[in-house]
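Structure, as structure tokens:
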Amino acid sequence: MNESHEAGKNSSTNVEEREEEVLRLARQFTEQSSYSTAGQTPFAAEAGSALDPNGERFNARAWCKAMLQMHIGDKEAHPLRTLGVAFSNLNVHGFGSDTDYQKSVGNVWLKTLSLARIAFGQKQRKVDILQNLEGLVEAGEMLVVLGPPGSGCSTFLKTIAGETYGFHVDKNSNINFQGIAKQMAHEFRGEAIYTAEVDVHFPKLTVGDTLYFAARARTPRHIPGGVNATQYAGHMRDVIMAMFGISHTKNTIVGNDFIRGVSGGERKRVSIAEACLSNAPLQCWDNSTRGLDSANAIEFCKTLRMQADINGTTACVSLYQAPQAAYDYFDKVLVLYEGREIYFGPTSMAKHYFLQMGFVCPDRQTDADFLTSMTSHLERVVQPGYEDRVPRTPDEFAARWKASPQRAQLMQHIKSYNAKFALDGEYLDKFKQSRRAQQAKAQRVSSPYTLSYVQQVKLCLWRGYQRLKADPSVTISSLFGNTIISLVIASIFYNLKADTSTFFQRGALLFFAVLMNALGCGLEMLTLYAQRGIIEKHSRYALYHPSAEAFSSMIMDLPYKILNAITSNIVLYFMTNLRRAPGAFFFFVFTSFILTLTMSMFFRSMASLSRSLVQVLPFSAVLLLGLSMYTGFAIPTGYMLGWARWIAYINPISYGFESLMINEFHNRDFPCMDYVPSGPGYTDVGLNNRVCSTVRSVPGQAFVNGNAYIESAYSYTASHKWRNIGVIFAYMFLLGAVYLVATDFITEKKPKGEILVFPRGHKALKKGKSDEDLEGGGGRSATVEKIGSDGLAMIERQTAIFQWKDVCFDIKIGKENCRILDHVDGWVKPGILTALMGVSGAGKTTLLDVLATRTTMGIISGEMLVDGQPRDESFQRKTGYAQQQDLHLSTATVREALEFSALLRQSAHVPRQEKIDYVTEVIKLLDMTEYADAVIGVPGEGLNVEQRKRLTIGVELAARPQLLLFLDEPTSGLDSQTSWAILDLLDKLKKNGQAILCTIHQPSAMLFQRFDRLLFLQAGGRTVYFGEIGQNSQILIDYFVRNGAPPCPPDANPAEWMLDVIGAAPGSHTSINWFETWRRSPEYARVQEHLAELKHERRHQTNLFRTTSGQKREDKDSYREFAAPFWAQLYQVQVRVFQQIWRSPTYINSKTALCVLSALFVGFSLFHTPNTIQGLQNQMFGIFMLLTLFGQLIQQIMPHFVAQRALYEVRDRPAKTYSWKAFLIANIVVELPWNSLMSVLMFLCWYYPIGLYRNAEPTDAVHLRGTQMWLMIWTFLLFSSTFAHFMIAAFDAAENAGNLGNLLFLLCLLFCGVLATPDQLPRFWIFMYRVSPFTYLVSGMLSVGISNTNVTCADNEYLRFDPVNGTCGEYMGSYMSNLGGYLADEMATANCSFCPIKETNVFLGRVSSSYSDIWRNFGLMWVFIVFNIFAACSLYWWVRVPRDKKPVAKAE
């Protein structure tokens, strides 16, 4: 190890001395650099020099030294600061139980009882996570934390970094951050950071932009070197990318599991680089080498070491499968065993501590693996004679440590440290001064952030613009959709006449315009939830306030909202002939725009106040109903019930609607177009004896005053016009403030932790062997025996040989072709375990995908044969493919997942019981009996990483693959014990004749030795070696040494050595072209000869077998795409989907709350509405508002479906488990029973409160019409669910499908006959009235609800006039006999009170509805439902079902 590392190992406990040493070394390093950097600054480095991050000779250590020297030489730069930590009596606990039952629709109410008991004082059971931990990590030191999954490594790192959500740190615990304690969690949050194992980034943002943003967010106030902040951040980005070997990905999007971007290993390095750019003096890394190859894992630790030596950074790192070279970089090690500390001290002494105790370290086992093996009775090896003297249980190990002299020495060091760095003492002031000097001048002293709030907003604006450029689809589709809707609305109400005949139409137009502008931002909620985890991570790094991102997104959306307001409203205003006055037009656009902003704040605040989307949807639906119903149009103010009138007062939309109505009607006189009485016999009647047929008309006037009309019909006052604008502004600022504050303080829902959960009634089986058992001396042999011969007799023995030759894979990036795989050759034989290795991004996973026929893009060339024959349609189902991502249905149990795979992927000729028995054997083989009935859960909850990986392999084994087994990174993210157990399993499968090809990262020497053959790829997908590994890797080593590689040291790991040899490790170089060396080697020639032999021999044997056995190529059972027939697939998938829905109470409860609360709200808002003219209109709008639930119903289904589809398309479809038809039909059918139940609840909660049943009483048809109403509601819900599947079938994102769905939904609403009757529609649009499903819903529901009963006018609905002579009855007799209506008093001789409508059927006729059409309407709804199902299936097949892609002919 280099000198600086040794200095780190023997660092003084005196922090001031350490800082002086750092300064001295910086000066010395600058003078003695092995690279000539004299006269250069890092920011002005000569191209190609050691300080140029874009050059090939870049040297990270030289750059760090130069950077530190420049910093020290600048008197204005902020003082350097370091941070160590001492902890003692550290206890961490949670509440609950080790096992919990799975929530379902049937038992979720029990959780409510449990919460009630807790609320009334019942204590929860305390679960200890960490117990009595003690340790000291000084500034500039590195601590490695070792332990198997579940030992508390993550909890320890989170505790040190101050992220204690979900658990509790005991109040008596002592943590001293070099004189700082309570301030660390808030004031200095970004100074101690925790980097989680999961990679969370904006997937459409490029790597370069992602890292530039992180660098810019932590840019200090004064930058040494004379560069500005932009240059500094750009340079830091380039440096960190060069350090971690990802410079080539600068312009590539980051991507995620579902959006293709950089490779998994590169994405992990992006996460590491982003955290490093925070420049935190104390860094906690949780298994951050997961997914990295050995070379990059070592380089990561080397970079941390360099930071520690030069900058005094403190690093605490948990590692699984740590290479020896990586372990050697650390100063201290903490070993955890089920939350107990069993060792803390120097790494160099840890191994000796346990050897002295009586344990044995096997040859070639790394120190880290040896230390971790102490936590498993199956792994640790005891010296002969020590069997009764070594500790066995966690408590015994902890007690041995407590009594050790090493622990006594540690406690003395902690005591000295605490005495030197007293809490809230001198060092706290120094730390604050250093932070203050780094912060922007406008930033608060106590803030954890570096930039000022304004700077944060500007930076987030820059990122928002980059994101918009990368993916403008949602914005463009929203703008396009809104413009189309505006054009449609404008064409429906085209060129309205300026007379009384258009009063209702003008109100309806303004109502719809207000809703369109106000509610068009609803989908913003989905976007906010999608990015919430990323923003919270950045907040933990103290990059920016979440509210700064929120504020910037508000600004970022302004151009779109302004453009949308202009384009939509100009079209709407002038095409419909609204008030032609400049002031009125600009007021209309202005009001619409501020309503859009206000409601955007409403939706955003709703999203920020809740912790998950499922929580907020039902309540937002009711709120939207309230906002829509209480605008003043659907229910005029006079008809609002007393208990609900306040809703209008707190409704911003109601103020906007009132202002727009005043804007349109104020001080205008509208000519009368229809008089009462009129027609034959009344032509000579004067104005004094007839009246305009409009509310608030005055006898003797040929016009109606606009002010009088809106005052009588809506209770609106002209003086409120500008007052309302002020109220809307107040709401905008209030809701905006709520949004910003809630964003900063309310976090998203976090995982509960990896605790086993079982279906209610199932219990965990106890372990067969416990840690209390006596120690044996055999160590790993116990594992081998444990998964020994059980069930192996049933494992399918394979005979087929799979071979490939000259396999190439090309994809198009931009206009250029990029070759990912370059002429790769190889084979896999039964009984042979082949490793596929290479650096990150070398194409390992791509090669597996190509060989397994799982690519959906690109051009494949080359030859791939099974027993000398081309792969047929059944190849995918006959191979097992254990993917790197452990993707499983979260609600299923382990046993159910295995049985599902066995029932659908094993041959249809195998009896069902045999398949079930086979699953039981697989469970035993994989040692999963203990949790066979446990629920899988989502990552972070349920099964842990190891259990998920076993399940992933088990699912493939349960399928009984006839050909071979592919495994992609089966040991990634696992500790050494579990990795060894996985290899034990693979070894057993191999010995039973399984053919296995397995990619692997970070194998230890012992792990690597267990493979038989190696296919080694370098960058660009080029073969470096394919052949046997040999005893102690000797054949492999001899090949490389013979071709110019330096000898492999005896204690080196050959897997790491060969990466260095070919120049694949960061910082390593080679002059040898190993690809060309391989192509010229005798080994390559032998491979080609053997491939030719295999092709000829196996093809001959296969043809001979077919001839002698009578087997024909047309054998459908052997060669068909799926093992199970379609109806068997549909049955199994349907059962699983029903189980999933039943076990998703949140989804069902959300659906129930949405339907029930909305129905109750509408029902009681219109409680027992009278049958006045306005009352009938209110009842019609009661139906209309119920239909507006459609948008929320499909929004609930779409995200749920997208998650299921992602699982199917990534795992089940490539494995040919079942067809897309079974998947789609099952997901559509599963909604049927729930929609039936919801329809009953909705019917009861809506139909009876409104009082529609009373209208059936006169005809004695209460039961019949009630049943008919329920049937119409039922078809509405069925139509909604099938329409949601129709919309989402082709789209990737629920947002885009939601935009299109909302567009079509609005069209259905517009043309249903409520806002504009068929007679009022332009002839061009009459076809839309006929094809809108809501036409038949409204017609059916309205006719069932109000037909065949009488109307009683309200007082303001009577038209009053004087007769010419005689009584009112005599005067109006002729008119009433022709046009209907009735008089309040036929015998009156003056002031006749005439009601224009006598029967509800007249009202129905005006909206083209008739009760006689009810069954026609019901039947047509079923036509629409069937069409949705057919369209969903057709679209899915056309857009998402991959077409057969045959490899092209062999190409050079």
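Each Cβ is built from the backbone N, Cα and C atoms, and glycine gets one as well.
According to Swiss-Prot, the features are:
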BINDING   GLY838, VAL839, SER840, GLY841, ALA842, GLY843, LYS844, THR845  ATP binding site
DOMAIN    110-363  domain 'ABC transporter 1'
DOMAIN    802-1044  domain 'ABC transporter 2'
CARBOHYD  ASN2  N-linked glycosylation site
CARBOHYD  ASN10  N-linked glycosylation site
CARBOHYD  ASN228  N-linked glycosylation site
CARBOHYD  ASN287  N-linked glycosylation site
CARBOHYD  ASN311  N-linked glycosylation site
CARBOHYD  ASN1350  N-linked glycosylation site
CARBOHYD  ASN1365  N-linked glycosylation site
CARBOHYD  ASN1391  N-linked glycosylation site
REGION    1-20  region 'Disordered'
TRANSMEM  474-494  transmembrane segment
TRANSMEM  508-528  transmembrane segment
TRANSMEM  554-574  transmembrane segment
TRANSMEM  583-603  transmembrane segment
TRANSMEM  616-636  transmembrane segment
TRANSMEM  725-745  transmembrane segment
TRANSMEM  1153-1173  transmembrane segment
TRANSMEM  1183-1203  transmembrane segment
TRANSMEM  1223-1243  transmembrane segment
TRANSMEM  1271-1291  transmembrane segment
TRANSMEM  1297-1317  transmembrane segment
TRANSMEM  1418-1438  transmembrane segment
- Long-range Cβ environment of GLY838 (ATP binding site), under 8 Å and at least 6 residues apart: ASP293, LYS844, PHE1016, LEU1017, GLN1018, ALA1019, VAL1024, ALA1064
- Task: Please figure out which one of 616-636, 1153-1173, 1183-1203 racks up the most CB pairs under 8 Å against the transmembrane segment (1223-1243).
- Result: 1153-1173
- Query: Beyond GLY838, VAL839, SER840, GLY841, ALA842, GLY843, LYS844, THR845, what residues of that chain have CB atoms within 8 A of the centre of the ATP site's CB atoms?
  - Reply: SER263, GLY265, ASP293, THR846, LEU1017, ALA1019, GLY1021
- Just counting, how many other CB atoms are there within 10 A of the CB of ASN228 (N-linked glycosylation site)? 10
- Surrounding residues of the transmembrane segment (1271-1291) on its own chain - C-beta under 8 Å, 6+ positions past either end: 1155, 1186-1187, 1189-1190, 1193-1194, 1197-1198, 1201-1202, 1205, 1224, 1227-1228, 1231-1232, 1235-1236, 1238-1239, 1242-1243, 1246, 1297-1298, 1300-1301, 1304, 1333, 1337, 1340-1341, 1344, 1417-1418, 1421-1422, 1424-1425, 1428-1429, 1431-1433, 1435-1436, 1438-1440
- Note on the structure: Other same-chain positions with a Cβ less than 8 Å from the transmembrane segment (1183-1203) and lying at least 6 residues past its termini are 522, 526, 613, 617-618, 620-621, 624-625, 628-629, 634, 1144, 1147, 1150-1151, 1154-1155, 1158-1159, 1162, 1227, 1231, 1242, 1246, 1273, 1276-1277, 1280-1281, 1283-1285, 1287-1288, 1293-1294, 1297-1298, 1301-1302, 1305, 1308-1309, 1312, 1314, 1334, 1337-1338, 1341-1342, 1345
- Message: Are the transmembrane segment (508-528) and the transmembrane segment (725-745) close enough to be called in contact, which here means at least 3 C-beta pairs under 8 A that are separated by 6 or more residues?
- Response: no
- Note on the structure: Under 8 Å Cβ-Cβ from the transmembrane segment (583-603), and at least six residues away from its ends along the same chain, one finds 513-514, 517-522, 524-525, 554, 557, 561-562, 564-566, 568-570, 573, 620, 627, 652-653, 656, 659-660, 663-664, 725, 728-729, 731-732, 735-736, 738-739
- Cα-Cα separation of ASN1350 (N-linked glycosylation site) and THR845 (ATP binding site), in Å? 74
- Query: Hey, which of 474-494, 554-574, 616-636, 725-745, 1153-1173 has the most Cβ-Cβ pairs under 8 Å against the transmembrane segment (1297-1317)?
  - Reply: 474-494
- Task: Compute the C-alpha separation of ASN287 (N-linked glycosylation site) from SER840 (ATP binding site), stating it in Å without decimals.
- Result: 17
- Residue from ASN228, ASN1365, ASN1391 whose C-alpha is spatially nearest that of ALA842 (ATP binding site), among the glycosylation sites: ASN228
- Task: Calculate the distance in Å between the alpha carbons (Cα) of ASN1391 (N-linked glycosylation site) and THR845 (ATP binding site), and round it to a whole number.
- Result: 89
- Query: On the 0 to 100 scale, where does the mean pLDDT of the domain 'ABC transporter 1' (110-363) fall?
  - Reply: 89
